[in-house]
Amino acid sequence: NISKVIYSAYLLGAAFLSVALWAWSEKGVLSNISSITDLGGFDPVWLFLVVGGVMFVLGFAGCIGALRENAFLLKFFSVFLGIIFFLELTAGVLAFVFKDWIKDQLKFFINNNIRAYRDDIDLQNLIDFTQDYWECCGAFGPEDWNLNIYFNCTDTNLSREKCGVPFSCCTKDPAEDVINTQCGYDIRAKDDNEQKMFIHTKGCVPQFEKWLQENLTVVAGIFIGIALLQIFGICLAQNLLRTSLIKELHPS
C-alpha cells in the first residue's frame, strides 16, 4: 500500500513538472533561459517546479528503493525526507519566534510583486486570486498600488489605470454576472469613505493573519498530518533498509 502512495507521489511530481515546463514553454522561457531572471516578481511556475521536482525525486527513490530493496535509494529517500522534515520544523519555529520579521518579509514580497503585476500573466492571476479570496487590496491597503507604474497617482503616469486598483480589489455585486474589470479605475482619487463603498480597503497581510487565526486548527491539522506521513516514510525506509541488510548478511 505504501508503495502505491509513493508511486502516486512520483506520478503527481511528474505531472507538476510537466505543467511547469509547459507553462514556461508557452511563455517562451525555455527558448530564452535568461528571461527567468527578467521578471521582477515571483513566477508561480517555480512553485510547481520545486514541489514537482521534490515529489518526483522522492517518489522515484522511494518506489524503486522499496521494490528493488536498493540500499542506496532507501538511504537517500530516508535522509532527503528527514532533511525536509527538519527544514519544515525549523521554519515553523522561526516563523513563531520572529513573527514581526515574517510580517515585514511578507509585506516586502507582496509589494515587490505589485511592482511586477503587469509583467507576467501567471503572477497577475495569482495576485488577483489572493486579493479576491481574502477580500483585500495591497499588502496593507490600496495605497500600496502606488508602487506599480500603471496604477500610481504621479503626474507622469499617463495610464488609464492611474490612481486605480486591479478589479480583484473591488467588492462583488451579486447582481452582476460579468466581472467589471474597470471597477477600480480612479478609485484612489476618491476619499476613504467613498473608497470603502467600491473596494476592499484592508491589506492582504492582516487579512491573511485573520484567516490563519480563524483556521488555525485546520492548518495545524494539515501540518501535523504531513509531518506524521514524513515520519512514517522515514521509519518505513529504515525498516526496509534493515530487512535488506539482514538478507545480505544472512542469505537464505
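Note: Cβ is positioned from N, Cα and C throughout, glycine not excepted.
Copied from TrEMBL, the annotated features are:
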type: TRANSMEM; residues: 7-25; note: transmembrane segment
type: TRANSMEM; residues: 45-67; note: transmembrane segment
type: TRANSMEM; residues: 79-98; note: transmembrane segment
type: DISULFID; residues: Cys136-Cys169; note: disulfide bond
type: DISULFID; residues: Cys137-Cys153; note: disulfide bond
type: TRANSMEM; residues: 216-237; note: transmembrane segment
Cys136 (disulfide bond) to Cys153 (disulfide bond) - Cα separation in whole Å: 20
Cβ-Cβ under 8 Å with the transmembrane segment (45-67): same-chain residues at least 6 beyond its ends: 2-3, 6-20, 23-24, 27, 29, 73-74, 76-77, 80-81, 84, 122, 233, 237, 240
Long-range Cβ neighbours of the transmembrane segment (216-237) (under 8 Å; 6 or more residues past either end): 2, 6, 62, 65-66, 74-75, 77-78, 81-82, 84-85, 88-89, 92
Which of Cys136, Cys153, Cys169, the listed disulfide-bonded residues, has fewest other Cβ atoms within 10 Å: Cys153
Distant-in-sequence Cβ neighbours of Cys137 (disulfide bond), under 8 Å, six or more positions away: Gln131, Asp144, Trp145, Val165, Cys169, Ile199, His200, Thr201, Lys202, Gly203, Cys204
